[in-house]
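Colleague: As annotated by TrEMBL, domain 'PH' applies to 49-144. Here TrEMBL flags 157-195 as region 'Disordered'. Taken from TrEMBL, the feature compositional bias 'Gly residues' applies to 157-169. If you look up TrEMBL, you'll see 172-185 marked as compositional bias 'Acidic residues'. If you look up TrEMBL, you'll see 186-195 marked as compositional bias 'Basic and acidic residues'.
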Amino acid sequence: FFFSAYPRQARPSRIASNHFFPLTNATMSHLMRPHYIDKQTNIIYDTNNADFEGWLTKQSMWLKDWRRRYFILKGSKLFFSKTNYSAPHGMIDLSQCTTVKSADLKSKKRNSFEISTPELTFLLYADTEKEKDDWIGSVGKSIVRCSNTYYQNSSTVGGGGHGMPGGGAAMQDEEEDYDDDDIYENDEHNEYFND
């Protein structure tokens, strides 16, 4: 038995796939996702009207196995759940994160990236390189918006690094820091990319 809030003909064609769910006013007005309740603080977070959402595969913290989860980015919080409309069972607070970057070599998985805090590193991978790049961009924007540097830059005339000590040297370091995962593209003999 399949329950849907959509009439059969109005259902988005990709709803059953493992790709991005189209976010439109019509679809969001019918489907509501359960809230996330933080077990430590009992704070209730609304997960509807996400900034970005879709399927990723995440490495579990303790067993180190890979589990497919639905991720919901809303503001500075990244929630994850077993299905796209079940209650999220986990959250990554992006205000505590320092970096998001490609991690194909580290994870030994194609299209992977890592989200790092001072204490933890979360390894994830997407189905395609485009989805990986979209996630890195969206999570990166959220991390930047939470940082003091973002607020310092936006409060100065002209922005663009003027509020940063060192005149924007951190941006130059980021441009030089790259992941050379593209050297493994189309390599059928590399055991790490042939799951």
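Don't overthink the numbers, they just go from 1 along the chain as shown.
Glycine is treated like the rest: Cβ placed from N, Cα and C.
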Colleague: List the helix, strand and coil residue totals of the domain 'PH' (49-144) as derived from DSSP.
Modeller: 23 helix, 40 strand, 33 coil
Colleague: What mean pLDDT score does the domain 'PH' (49-144) have in the model?
Modeller: 96
